[in-house]
Amino acid sequence: MPCTCTWRNWRQWIRPLAVVLYLLSIVVAVPLCVWELQKLEVGIHTKAWFIAGIFLLLTIPISLWVILQHLVHYTQPELQKPIIRILWMVPIYSLDSWIALKYPSIAIYVDTCRECYEAYVIYNFMGFLTNYLTNRYPNLVLIIEAKDQQKHFPPLCCCPPWTMGEVLLFRCKLGVLQYTVVRPFTTIIALVCELLDIYDEGNFSFSNAWTYLVIINNMSQLFAMYCLLLFYKVLKEELSPIQPVGKFLCVKLVVFVSFWQAVVIALLVKVGVISEKHTWEWQTVEAVATGLQDFIICIEMFLAAIAHHYTFSYKPYVQEAEEGSCFDSFLAMWDVSDIRDDISEQVRHVGRTVMGHPRKKFFPEDQDQNEHTSLLSSSSQDALSVASSVPPSPVGHYQGFGHTVTPQTTPTTANASDDTGNDAAGVREEPSEKPVAS
């Protein structure tokens, strides 16, 4: 019985336990680092590794504390699960870079985890946005269809715009999902090329594999970010309660800065700014470039951890009536069934999505009947009435700015269903706004 009560009150002791474990890790890690500095002649490499370790010890507790708070207040799984996955990016990046800085010979293999998780983060951010929207607006496709046509941004402004509705929604999701496939695939190719000694990381030359993989990864990443930006532009008003701009910048800056600074460092090697004259304890100039990249990432992740603490805060999810066990919250963090389901859905619809053929368009694109016309066809009214009868999801309520945002249906949907009900009862209401277009 006492054991059961202890586990039920896990929210009270889990945070002090985490603090104690972190302090113990510092007690063990700091003497080992000092001993490492004393046993060898201190050089630039060792100093850089020690400084990066200091930033690592500052970064890890900030990120893990926010993750732990989300687990303690795990009240909205569909929103907090992708947030927790995004928050893990900072500890993974920081620890990976610190290990790679210490052991340059295995950097290519350790960095594989970082590069794969980068794509995973972008996918989960898209999942966070779509989960919020579909829970608050069960008829999300109808909302997008009712909006004005969104044109492409430069440099794709000459391309035909994506049809508003299901086509745009699935193409944006597919554009993000493709990066989660391309990035791990190119990472595996990089490992194979490294084993075959044809990778030559950091050397811009069309005779090696690294240059081609950088181009492929860059194009795939840019398109994924473009789809995210287009998705936000279309649904900017609906996403405003969760303040997505700060979250988008946190994800975008970490991913883009880490990628492009690697390209800039490689260019510095190419033009001779980083040369063989100053390799310090590193064996090659390419190893110097990789070490510099890892050192900078360790510093940047400290800043990213602070930014994540505020932009992905746990406070909107704190509720008085909290249920669930410690193990349920912890295991839910590693559950990837939602990713499997999403990939299956995209595979089933990929043909129709690419070709631009939605299953059904509730708002027909006609010159006499468009989104500015106040009369809907009978078939559109029927579709809207059916859609409005679907109960909203009970999860996904985001408590921000002192109130709880509850699931809603579109105003058009609600009005259409009300009009249908009034007609059936034989009651006609006078129009309260503009006269009906003939």
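Cβ coordinates are placed from backbone N, Cα and C, and glycine is handled just like the others.
Quantities reported herein were computed from a predicted structural model and do not represent experimental measurements.
Database features, via Swiss-Prot:
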{"type": "TRANSMEM", "residues": "17-37", "note": "transmembrane segment"}
{"type": "TRANSMEM", "residues": "48-68", "note": "transmembrane segment"}
{"type": "TRANSMEM", "residues": "86-106", "note": "transmembrane segment"}
{"type": "TRANSMEM", "residues": "176-196", "note": "transmembrane segment"}
{"type": "TRANSMEM", "residues": "212-232", "note": "transmembrane segment"}
{"type": "TRANSMEM", "residues": "254-274", "note": "transmembrane segment"}
{"type": "TRANSMEM", "residues": "287-307", "note": "transmembrane segment"}
{"type": "REGION", "residues": "358-438", "note": "region 'Disordered'"}
{"type": "COMPBIAS", "residues": "374-390", "note": "compositional bias 'Low complexity'"}
{"type": "COMPBIAS", "residues": "404-413", "note": "compositional bias 'Low complexity'"}
{"type": "COMPBIAS", "residues": "426-438", "note": "compositional bias 'Basic and acidic residues'"}
Check the transmembrane segment (17-37) against each of 48-68, 86-106, 176-196, 212-232, 254-274 and return whichever range has the most CB pairs under 8 Å.
48-68
Give me the stretch from 48-68, 86-106, 176-196, 212-232 with the greatest number of Cβ pairs under 8 Å to the transmembrane segment (287-307).
86-106
Where else in the chain does the transmembrane segment (212-232) make close Cβ contacts, counting only residues six or more beyond its ends and a cut-off under 8 Å?
122, 125-126, 129, 150, 152-153, 156, 168-169, 171-176, 178-179, 182-183, 186, 189-190, 193, 206, 239, 244, 248, 252, 255-256, 259, 263
